[in-house]
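Trainee: Structure provided below as structure tokens; questions to follow.
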Amino acid sequence: MQTLPLAVTANVARIRARTQSMIMAVVKADGYGHGAVTVARAAVAAGAGWLGTTSVAEASALRAAGLAVPILTWLHPSGIDADAAAAAGADVAVGSVAELDALLAQAASTVRVHLHVDTGMSRGGCPRGQWDELIALAWRGQQARRVRVVGVMGHLPRADQADPAANAPAVVGMQEAWQAVRAAGLRSPLAHLAATSGTLTDRATHFGMVRVGAGLVGIDPSGTVEMHGASRLTAPIVHTTAVPAGTPVGYAGAHVTDRATHLSVLPVGYADGIPRELSPQAGVEVRGRRFPVVGRVSMDQIVIDTGAQSFPVGTSATLFGPDGEATPTIGDWARWAATIPHTIVTGIGPRVKRSIA
Ligand SMILES: *Cc1c(COP(=O)(O)O)cnc(C)c1O
């Protein structure tokens, strides 16, 4: 069994073994559901030199918790607030000429910016045809001391493929953007492109820094490196009954028992992030054995079939954890729900009590 900070530490070590570049610990979405401050502290202690979040508000929370390393923010739904960014000591990614224009118009002091270029995803970032205009405007803004260009960022569209060939066009685009920025006289900006998968599988994507989120909490989107699971979800059995064969279970009687058996209820449901659509393989661990989830997932409850075993109320069940064997992993839940592990960890609802072991 591994505690959360130790797992993050071990995962940073795995990442460090694969890259010489600086490491940005991405702790958006509350550290992928694990607690942004906890994950950030552990990652920085283990050697991550940067932090990344989507919003300036998340950066402020990290500053309030005493984290002092540079923080990059890259999503500003109501425009970049230069004052808020300055107050948080946060760098901002600028993904279009219009965004940079608006920032320059309001920047009272020098804002640290990263030019965000689209490297093939069409999901934010400056389109290629406008790189020159963005860079020229950034140069003028830097001359006027409104901004300082500290980075150039792209993003890999093939974030789950352990395939350098799939990354190659983005790598070339990133090199071109970085060279264009330097050719314009903006010196030594930090180039960064890779997230977890690129970091673990393709050195050509590393540039000056890698941005790792999923990997910190034990998820390898490429499926090639064993990372350390950082969380455990448990629930106590709140109800146990013996039922005969032919008993319908849950809404719509979607499952009917095929033999006399025992059913136990766990007080977690889709409001807590248990996916409602699950394959019949879905199960949980109780006292070292795996038992299937049966019937529909309700908003607040699921039912497990424990066969001949009758577990008393209060017995703890583990939905997922890092132990392996009978205990499902987050990856198992992702498979059972036909999704990716990220949606499992970020979907855990606010009612679930978090504690740091
Ligand atoms: C979420 C995110 C990352 C981290 O991705 P992982 O695959 O979780 O490591 C990196 N960069 C950007 C821009 C992101 O939004």
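Backbone N, Cα and C define each Cβ position, glycine as well.
Caution: TrEMBL annotation is automatic and unverified by curators.
Relevant sequence annotations retrieved from TrEMBL are reproduced here:
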- LYS28: active site, proton acceptor (ACT_SITE)
- LYS28: N6-(pyridoxal phosphate)lysine (MOD_RES)
- ARG123, MET299: substrate binding site (BINDING)
- 230-357: domain 'Alanine racemase C-terminal' (DOMAIN)
- TYR251: active site, proton acceptor (ACT_SITE)
Trainee: Across the whole of the domain 'Alanine racemase C-terminal' (230-357), what does the mean pLDDT come to? Round it, please.
Mentor: 96
Trainee: Can you check which residue among the recorded positions LYS28, ARG123 has the largest number of Cβ atoms within 10 Å of its own?
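Mentor: Per the Cβ count, the most surrounded site is LYS28.
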Trainee: Non-local Cβ contacts of MET299 (substrate binding site) (under 8 Å, 6 or more apart, same chain)?
Mentor: GLY269, TYR270, ALA271
Trainee: For TYR251 (active site, proton acceptor), what is the tally of other C-beta atoms lying within 10 angstroms of its C-beta?
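Mentor: Neighbour count, Cβ to Cβ under the 10 Å cut-off: 11.
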Trainee: Quick one: pull the CA-CA distance for ARG123 (substrate binding site) versus LYS28 (active site, proton acceptor), whole Å only.
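Mentor: So the Cα of LYS28 (active site, proton acceptor) lies 17 Å away from that of ARG123 (substrate binding site).
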Trainee: Check LYS28 (active site, proton acceptor) against DSSP and tell me helix, strand or coil, would you?
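Mentor: It is helical.
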Trainee: Check TYR251 (active site, proton acceptor) against DSSP and tell me helix, strand or coil, would you?
Mentor: helix
Trainee: Look up MET299 (substrate binding site) in the DSSP assignment and reduce it to helix, strand or coil.
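Mentor: The residue in question, MET299 (substrate binding site), is coil (DSSP, three-state).
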